[in-house]
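Here's the structure we're looking at; comments come further down.
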Amino acid sequence: MVSIGLKGLRHLDQKPTLSKANRNSFTNEYWKGVRVKFIIQAAAGGISFMLLFLACSCYLYGSLYKSHQRYHNFRILAVDYDGGVIGKALSAAYEELKRPEFPTLYFHSPEDFPTPSDVYQIVRNGHYWGAIYSTKGASDRLEAGIQGGQAATVYNPNDALYWVWNQQYYTTFAQSVVEASIEQLVSAARAAYTKINGTQAFPYVAQSDPDAVQAFLNPIAATVANVEVDAQDSVFLFTSISMVMPVLQQFFFLLALNGVSREHQLYSKMSVRSSMIIRGVAGLLYTFGAALTQAGYYWAFRDGWKVDGNQFVLTWMVLWLLMHTHFTYLDAISAITPISRMPFAVLTWIFLNISTTISPLELQPGFYYWGICLPASNAYSVLVTIWSGGGDNRLYRALPIMFAWWIVGNLLSMAAHLRACHLAYKFDKEQQNNKGDGESAMGMTPVGSEVTIRPHSTNESAAHDDLQQDKTLEEQDLEQRQIYGPSIPPPFA
């Protein structure tokens, strides 16, 4: 190891290891045949990674490009239980606000949803992003309230309209689009009522009664019912960083696992069944632990989030299934993909998965809808159902897709492992044969056999020819890495 003190910094060029006398500048003739190759290879590597990040980032940014123009894909249910002027004001307000940047209201009759609990349930089940409805007799109560008396005293504008939403599902977009739009709709309904009925109602206002005047000035407001409150400040991380971590954790663990397997020659020395079981158990145990830690920091920073122990265990299990799926696919990819292509495969897999969770599919261009088949999208869907206490239930779709990925991933991982064991054994035998041939070329013969003495120059020539055919250490190391996959040296080696 080179030890350099502060005083020695001025004399670095005098050290033999750093001296110009023992080295050649890049412009020296020594590098004549390498200069162009070095520049081309370095440029090719840099450009390829730039293009990789450009493609992945464009794909991710494209999923959100002009998403505000697709707010109309958010479905909001509207039911008029009132059948009076307040219901008409709600409809008129929507007509004023209707545009691509505003969620679409789907008006249904009370016959389709006989009770407000039916409206709540349909939103809870995830068929609509939200719902708004006028209450039965709302217009009659307002008419009585503006005339004064006891009706004015008890009149509550918040009873005119009710709206429902689920804050837990894509919280950031639920708040910025659904909540904001419905609040805007309520304000517009208040203005629409004044425009529709204000002139006709004014003569009937009991102007000597403050409660009646207040009812006339503030006729319509709303009461909100939130399916599941999400009070976490870190909730936006659930659909972004938290969906990247499962992939990264498996990739780095695979580097360590491949390094240990390579160090101890598991693929060439151990039986295929044993090595497959050992790697399988290692993957299961690690993903169980990694999923537990991720669920753990969800809970450690849950703030006012109301979740219980059962939801914690279910969250843990979903994260385990997601992580083990990633593990099996990365394991298969690392076994068959050249090492130089691994960054392309891993980074692409990360970006494809995160693009399906970073925003709702309703806000993405139609091309991105295929992402609903990816494991991360379905894992987040299951997690929302767990955290909502059964709300936004897409288990009929999400769980089969996740288990399909898991089963296929395990099959691919086993097939890749068989291939790696086959290649490792061939490589080991080839090394042994090359070593034996090298010993023979150097004039070594088994004990008891007849020794033939060859001229010194002949021995050197034969050894030289064999060494030319033999693989260099670097080539052997590269071939081992191709068999075992990308790896890092094992700890405590």
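Every residue number used here counts from 1 along the chain in the order it is shown.
Cβ coordinates come from backbone N, Cα and C, glycine included.
Predicted automatically and left uncurated, TrEMBL annotations should be read as such.
Database features (TrEMBL):
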- 462-480: compositional bias 'Basic and acidic residues' (COMPBIAS)
- 48-410: domain 'DUF3533' (DOMAIN)
- 432-493: region 'Disordered' (REGION)
- 38-62: transmembrane segment (TRANSMEM)
- 235-257: transmembrane segment (TRANSMEM)
- 277-300: transmembrane segment (TRANSMEM)
- 312-330: transmembrane segment (TRANSMEM)
- 342-361: transmembrane segment (TRANSMEM)
- 367-387: transmembrane segment (TRANSMEM)
- 399-418: transmembrane segment (TRANSMEM)
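Away from its own ends, the transmembrane segment (342-361) comes close to residues 49, 52-53, 56-57, 59-60, 63-64, 67, 170, 173, 239-240, 243-244, 247-248, 251, 326, 329-330, 333-334, 368-369, 371-372, 374-377, 380, 485-486 of its chain (Cβ-Cβ under 8 Å, at least six residues beyond either end). The largest share of C-beta pairs under 8 angstroms with the transmembrane segment (367-387) comes from 312-330, of the ranges 235-257, 312-330, 399-418.
Within its own chain, the transmembrane segment (235-257) is flanked in space by residues 170-172, 279, 282-283, 286-287, 290-291, 294, 298, 319, 322-323, 326-327, 330-331, 334, 346, 349-350, 353-354, 357-359, 376, 379-380, 383, 485-488, 490-491, which lie at least six positions past its ends and keep a Cβ under 8 Å from the stretch.
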